[in-house]
2 protein chains.
Amino acid sequence: MATLVAPNETSPVEEAETLHKAFKGWGTDEKTVIAILGHRNVHQRQSIRKAYEELYQEDLIKRLESELSGDFERALYRWMLEPVDRDAVMANVAIKNGSKSYHVIVEIACVLSPEELLAVRRAYHNRNKRSLEEDIATNTNSGDIRQLLVGLVSSFRYGGDEINARLAKTEADILHESIKEKKGNHEEAIRILTTRSKTQLLATFNRYRDDHGTSITKKLLDHASDDFEKALHTAIRCINDHKKYYEKVLRNAMKRVGTDEDAITRAVVSRAEKDMKDIKELYYKRNSVHLEDAVAKEISGDYKKLILTLLGKHH
Amino acid sequence: MATLVAPNETSPVEEAETLHKAFKGWGTDEKTVIAILGHRNVHQRQSIRKAYEELYQEDLIKRLESELSGDFERALYRWMLEPVDRDAVMANVAIKNGSKSYHVIVEIACVLSPEELLAVRRAYHNRNKRSLEEDIATNTNSGDIRQLLVGLVSSFRYGGDEINARLAKTEADILHESIKEKKGNHEEAIRILTTRSKTQLLATFNRYRDDHGTSITKKLLDHASDDFEKALHTAIRCINDHKKYYEKVLRNAMKRVGTDEDAITRAVVSRAEKDMKDIKELYYKRNSVHLEDAVAKEISGDYKKLILTLLGKHH
């Protein structure tokens, strides 16, 4: 379930006019901006953007970028983009960031449905005049990490629910062997994780736990040291249970000295319209504190207001 | 230009009825089958199939399979499928065939447009309940050949016309180095061929010829010995000029003792509605004999009648 609170009936033209007024004069009326855009679903936001363009011959997103700044601007910019476009932007930023952002690429490749991932690849073409896999391949060193990342984003997994139990056993063993040997050959592990359907992979992960007495993610966590093993760990977690994964993204973002605002933005903006309510519940169960309260302590200003709005907090 | 000759106005229901009569009694009236189906474009064939299903609660393609046999049946079966379905079938047969049919997989991956290839991958899901890349990865040995084939079918290349001339030079050199060393590292060559846009690759191949005094396909042909090098050669030829490629497929199919009917069927059925006229012209230029005349000498019976019909020969 989503946390976004949006009314059923809205008036895009009036809202575009209200936003235009909010930009007028010295400073911007951020409260109004949040009150409107923080409470509109993806279709409503696109309608407002379209109405704004028609009324003022100006792209609302560009205007927001010039009016706002910092974490608030970055969050609102991502929020205003259509999801496939947003993921294309986040993937592109992650590629430029290098190995410290590989997890963002893995997230997009493994959390989205096969058809959604294709749509992101199409959006990436339109924005960058290159393919997503092309940019990843050019910007990674050859070897396992490139093969894994390119394989994950290029995959078009079968989406059906069929399970081959015998295969799950064989491939759980292959994954076990591949993880055990630190300098082993990872080609087969990459093949399995980049080509099998998600349902089949879940069966394989379950079989791994049954046969080897520990979950594959725990086993990998004990091991994960290089970029490849970390990316493998992220891929398995995103495929296995992306809500638990995002709970931990948020937890880690606030655990460190120096909050990781980008991670908070990414998780909240990506999931507010999808399943943030479930992620919030997981967060509360795990931490005995409400996500909104934890976030409220870590961030501030208009950025805080926007994030809490997207998290469904009543003001 | 196509060689298929199809009338503008047709009557799917009447034609379904005529076909049904042609199947009645002892033996099939193959002449009527060819006269109708050999002269209908993809939409008309689908309309006849639909009309037949509605009239007789039977799939026309299944009926054709049970009525006919041998090369004629195989050719008509492929002809009757929608192109994306046909390619999904041909890819699946090729995967089962192993290394001697890798060129069929490469053809599909490299001749089709990026969007067409996606449609074939979707059709492959529907028919096989697995992904195309999954079946290829499982049925190839690890190493370069798997990486190349999986990379080619998984690619979603950028479709624009932009060329980066500096990149073309760098990557022509990388390809040159990769081909020169027989046991070299092919990862970079695979990266280039599986991710760059076709327009960019053409620029790279042209640069190769300018800088190294010979075309990359000639250079590769001198070398190609193992499955990987052969597949690389096919990929480059399909990207470079697929019409010239198909001209040679047809030439080779008839050069050997024992005609390669499958290759003739594949080339004719795949291209009759697209650019077979151009391929015929290339064939005549190269061999000083008309493709229809050459084919007519090699094959016989109803199969010959169908193939010549698709090649646009007047009876």
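Heads up, the Cβ atoms here are built off N, Cα and C, so glycines get one too.
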A:Phe23, A:Gly25, A:Gly27, A:Arg256, A:Gly258, A:Ala296 bind Ca(2+) 1 according to TrEMBL; which of A:Glu67, A:Glu73, A:Glu82 goes with them? A:Glu67
Packing count at A:Ala296 (Ca(2+) 1 binding site) (other Cβ atoms within 10 Å of its Cβ): 15
What subset of the binding-site residues A:Phe23, A:Gly25, A:Glu67, A:Gly258 lies within 10 angstroms of A:Glu298 (Ca(2+) 3 binding site), using C-alpha positions? A:Gly258
In the three-state DSSP scheme, A:Ala296 (Ca(2+) 1 binding site) belongs to helix
